[in-house]
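Enquirer: Structure below; questions to follow.
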Amino acid sequence: MDSMDLEREKGITIQSAATYCTWAGYQVNIIDTPGHVDFTIEVERALRVLDGAILVLCSVGGVQSQSITVDRQMRRYEVPRLAFINKLDRMGADPWKVLNQARSKLRHHAAAVQVPIGLEDDFNGLIDLVYMKAYYFHGPSGEEVVTEDIPSDMESFAADKRRELIEVVSEVDEKLAESFLNDEPISNNDLEEAIRRATVAREFVPVFMGSAFKNKGVQPLLDGVIKYLPYPVEVGNYALDQNNNEEKVMLTGSPAGPLVALAFKLEEGRFGQLTYLRIYEGVIRKGDFIINVNTGKKIKVPRLVRMHSNEMEDIQEAHAGQIVAVFGVDCATGDTFTDGSVRYTMTSMNVPEPVMSLAVSPISKDSGGQFSKALNRFQKEDPTFRVGLDPESGQTIISGMGELHLDIYVERIRREYKVEATVGKPRVNFRETITQRAEFDYLHKKQSGGQGQYGRVTGYVEPLEPGCSSKFEFDNIIVGQAIPSNFVPAIEKGFKEAANSGSLIGHPVENIRVVLTDGASHAVDSSELAFKLAAIYAFRQCYSAARPVILEPVMLVEIKAPTEFQGSVTGDINKRKGVIVGNDQEGDDSVITAHVPLNNMFGYSTSLRSMTQGKGEFTMEYKEHSAVSHDVQTQLVNTYKAAKGTE
């Protein structure tokens with residue numbers, strides 16, 4: 001389903017793509033997502049609107065760091081899943097190793113529902129452990145499925161694996177456990193129903209197998225989607241009622257209910273903005289007037305389509321459970337649409353913060369218009385792609401999830417907008433935070449001529465508790481009317497604005513709570529501006545007393561290389577100030593897991609190729625921001641001061 005030239009050239013998925021198919025009398029909506037962690041927002045937005053997922057694992061590579069990341073995202077959105085062990089026809093395929101990794105690394109309560117007949121070049125079929133039948137796939141594309149009895153030399157192995165499947169499911173399904181413990185016969189239907197109950201409850205992961213490239217195992221996998229993953233009406237989706245203090249309202253998933261739809265992806269198409277919608281309740285029709293609850297705007301649906309990758313099919317209406325797209329609707333990712341009879345909104349997706357930036361500018365001044373147009377479009381489509389200006393140099397700065405993420409956008413600017421650009425060196429997105437409580441008491445006073453300004457704020461700043469999801473909190477605990485309530489929002493705005501740039505190296509300050517305890521106002525000279533400025537100066541006043549530190553992005557790095565190079569690889573990680581947290585053996589290869597500062601990972605691809613004679617490979621994903629060492633902080637602060645021309 002990769003439709004972009006860049007996707008085909010690089011052999012990776014960059015953008016999620018939606019399609020649908022009809023299988024066993026059901027319409028199945030499918031979203032194909034990237035595996036590379038730099039494009040993690042595509043996985044986030046897909047999982048937000050899907051009712052079930054298939055986690056694809058390589059029978060040779062096994063559970064990789066990207067697999068762990070995607071599985072974590074599935075847990076965040078509480079999505080039931082199947083696992084599909086792919087590429088059984090490749091040399092080195094070992095599905096049982098991968099199943100054990102899923103149990104140990106992903107903590108899946110999992111068991112195989114199939115057994116392969118042969119592996120590598122000998123792979124030619126599968127045994128269904130529920131119905132104890134063998135499937136063979138004939139035809140140029142494996143489209144013809146032939147059902148036969150299990151080969152006699154595999155009957156004993158298949159029986160053992162079926163018994164294992166029953167035991168694993170029995171551990172999480174009481175009804176099956178009762179039959180199993182009482183030695184009662186377990187019918188095929190009993191086992192199938194138990195697998196479904198446990199899968200929908202997210203207590204079990206059925207493991208399928210095959211080779212998707214040759215369509216071997218794809219048909220039974222689709223059967224598994226129908227049998228084991230939930231239907232839209234079975235999923236407990238809820239909305240927030242804006243007319244009732246955001247009280248949770250369970251959605252029925254029925255077409256008979258009021259329309260509730262979530263915009264989860266925007267895309268600039270040939271005919272204007274294309275907005276992807278998941279319909280949770282009700283019906284949407286071409287020509288309908290719908291309400292964007294987030295903006296209050298009333299919009300007419302001019303065109304309604306179903307997507308198949310980059311192709312589209314015009315439709316007149318769509319029902320609850322479907323994924324469709326509409327043209328000409330101005331909105332943002334995460335907006336909720338209704339028919340106007342209710343004011344429901346739905347929670348949006350998790351959007352990770354960018355970890356890397358670089359300066360970019362068009363070579364030709366005549367390209368400025370197209371350059372701005374490209375940046376505006378990409379920023380609207382991808383919430384993890386940010387654009388800003390360097391206050392010192394005036395350069396345009398783009399930020400994203402990694403080098404590949406930013407490289408792709410620079411290349412798309414060149415190809416799609418014909419703009420050649422000058423690109424600076426990648427740089428890390430540092431953050432600042434505080435480590436202790438500090439008091440502030442600041443009076444902003446200007447009463448000499450003209451309109452006066454008067455505002456006093458008193459309180460303290462303190463670090464947020466570890467693990468807190470919020471980056472900034474503001475609490476007003478003033479008793480009485482020391483500061484009129486209409487000025488408090490301006491004070492909060494001032495502190496937020498001040499926190500956008502810490503005094504150490506000018507980067508955003510996060511994980512901070514501001515508590516307002518007292519203050520003073522003037523009957524004539526106090527204003528929103530006066531209190532906003534008082535807050536900004538109060539923050540600067542107390543910041544150094546709060547012992548600020550610099551935070552840097554730390555990456556989870558997984559390196560796989562022949563064991564003979566293990567010493568060189570680990571030594572190099574230590575030089576990069578990394579911490580090795582895992583060292584496993586996979587055949588002749590060592591798999592090393594480490595936490596390494598992103599600032600020390602630039603150029604690592606070249607270094608790894610050199611030290612492993614081209615035989616090493618690695619993956620890298622964002623883990624967290626953590627405090628830099630004292631020496632590094634001193635160096636960063638001195639560099640920042642030198643750039644600003646200050647002592």
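Cβ atoms are placed via backbone N, Cα and C, with glycine included.
Here TrEMBL flags 1-233 as domain 'Tr-type G'. As annotated by TrEMBL, GTP binding site applies to ASP32, THR33, PRO34, GLY35, HIS36, ASN86, LYS87, LEU88, ASP89.
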Enquirer: What three-state class does DSSP give PRO34 (GTP binding site)?
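Expert: PRO34 (GTP binding site) sits in coil per DSSP, no helix or strand.
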Enquirer: Count the Cβ atoms, other than its own, that fall within 10 Å of the Cβ of PRO34 (GTP binding site), considering every protein chain shown.
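Expert: Neighbour count, Cβ to Cβ under the 10 Å cut-off: 22.
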Enquirer: Does anything in the same chain, at least 6 positions from ASP89 (GTP binding site), have a Cβ under 8 Å from its Cβ, and if so what?
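Expert: The list for ASP89 (GTP binding site) reads LEU119, GLU120, ASP121, PHE123, SER211, PHE213, LYS214, LYS216, given in order along the sequence.
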Enquirer: Applying a 10 Å Cβ distance cut-off over all chains shown, what neighbour count does HIS36 (GTP binding site) have?
Expert: 20
Enquirer: By a simple count of other Cβ atoms within 10 Å, which of ASP32, LYS87, the binding-site residues in the record, is least packed?
Expert: ASP32
Enquirer: For ASP89 (GTP binding site), name the DSSP secondary structure in the helix/strand/coil scheme.
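Expert: SS state of ASP89 (GTP binding site) = coil.
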Enquirer: Largest pairwise Cα distance, Å, within the listed GTP binders ASP32, THR33, PRO34, GLY35, HIS36, ASN86, LYS87, LEU88, ASP89?
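Expert: Max Cα-Cα spread across the GTP binders: 23 Å.
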Enquirer: Taking the domain 'Tr-type G' (1-233) alone, what is its mean pLDDT?
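Expert: So the average pLDDT across the domain 'Tr-type G' (1-233) works out to 89.
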